[in-house]
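*Asks:* Copying in the features that TrEMBL gives for the protein in this structure:
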- 1-20: compositional bias 'Low complexity' (COMPBIAS)
- 93-306: domain 'ABC transmembrane type-1' (DOMAIN)
- 1-23: region 'Disordered' (REGION)
- 31-54: transmembrane segment (TRANSMEM)
- 96-120: transmembrane segment (TRANSMEM)
- 132-153: transmembrane segment (TRANSMEM)
- 179-200: transmembrane segment (TRANSMEM)
- 232-252: transmembrane segment (TRANSMEM)
- 288-310: transmembrane segment (TRANSMEM)
Amino acid sequence: MTLVTAAPSSTASAAPPSTSRRPKAHRLAPYLFTTPAIVLYIVFTVIPVLYAIWLSVRAYRVPGGALGRKQEVFVGFENYVAVLQDDTYLAGFGRLFVYGIIAIPLTLGLALLFALLLDAPAVRAKRFSRTAIFIPYAVPGVVAALLWGFMYLPSTSPFSYLTKALGWGPIPFLDETGIYPSLANVAIWGGVGFNMIIIYTSLRGIPAEIYESARLDGATETQIAWRIKIPLVAPALVLTGFFSLIGTVQLYSEPATLRPMTSTISASWVPLMSIYRDAFGTDNLPQAAAASTLLAVGTVLISALVLHLVNRRRNGAQS
């Protein structure tokens, strides 16, 4: 009798490859891919910010009167005090606040409205509508300001021709009272398209079962939007609110472009215009750096306060 012994299966004895023995190149691959972005961020963001902070505590002095050589000396918070005591900066911050009161609610409200309409089941041509709403975001602010500026000027505005035909006077788009909504109209459309995409993406992530349950309970589409969709996209609304706040603080190209068309806008109408004046008009880079630092710190503090209030309200609602 012959005994036949089966050889052990190679597949059964093969051990799974150890993940700890992966080649070192595989472990380094994520860092290699992110290195260019990190380097660019450090070079073009971190280093300029640190340099601006360092420059904000310096000043140019000429020892020995006009015969000496200009030197850079440490002055502490002198530039910050000068900015806070400068009436042009304070007036610019006030105008920026008024502009933000108009622009931020309009931007968020229109973005939310368009996102809800695009998410509604009865709406057609959603792809075309999304593209049409998003296109203004791709238009540079200077180009948009020029286009709207010619529509605001009484000599070229089609609105002025219409009001004259009706026997009315020209619409004061660029006077003291009309300049704020006119600037907001120029700037908000790009923000509306960008924020709409964020809110719409958040809406598309809500499970459809929630809507089906609400409809079975007799809820209308308006009730679903108000009681289900808006509360569930609250994090997206907070995020877009931060983006709108940052965009408001960065207001520059629109008033700078419209400035030659009206005497209402001065060279220091908003803080960034004053910063540009100090940096390149009067060659006072340290004061411009101090104003930039104050503007950045103020934006961070306001954002942190809003985030704290939102989190406290959310925690209170959950408890």
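Each Cβ is built from the backbone N, Cα and C atoms, and glycine gets one as well.
Context for these features, please: burial, neighbours, distances.
*Replies:* Long-range neighbours of the transmembrane segment (132-153) within the same chain, counting only residues 6 or more positions beyond its ends whose Cβ lies under 8 Å from a Cβ of the stretch, are 114, 159, 173-174, 182, 185-187, 189-194, 196-197, 253-254, 257-258, 261.
Here the transmembrane segment (179-200) has Cβ contacts under 8 Å with residues 95, 98-99, 102-103, 106-108, 110-112, 114-115, 118-119, 130, 133-137, 139, 141, 144-145, 148, 152, 173, 233, 236-237, 239-240, 243-244, 247, 251, 254-255, 258, 262, 264-265 of the same chain, all six or more residues outside its ends.
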*Asks:* Does the transmembrane segment (96-120) come near the transmembrane segment (232-252), with 3+ Cβ pairs under 8 Å (pairs 6 or more apart)?
*Replies:* yes
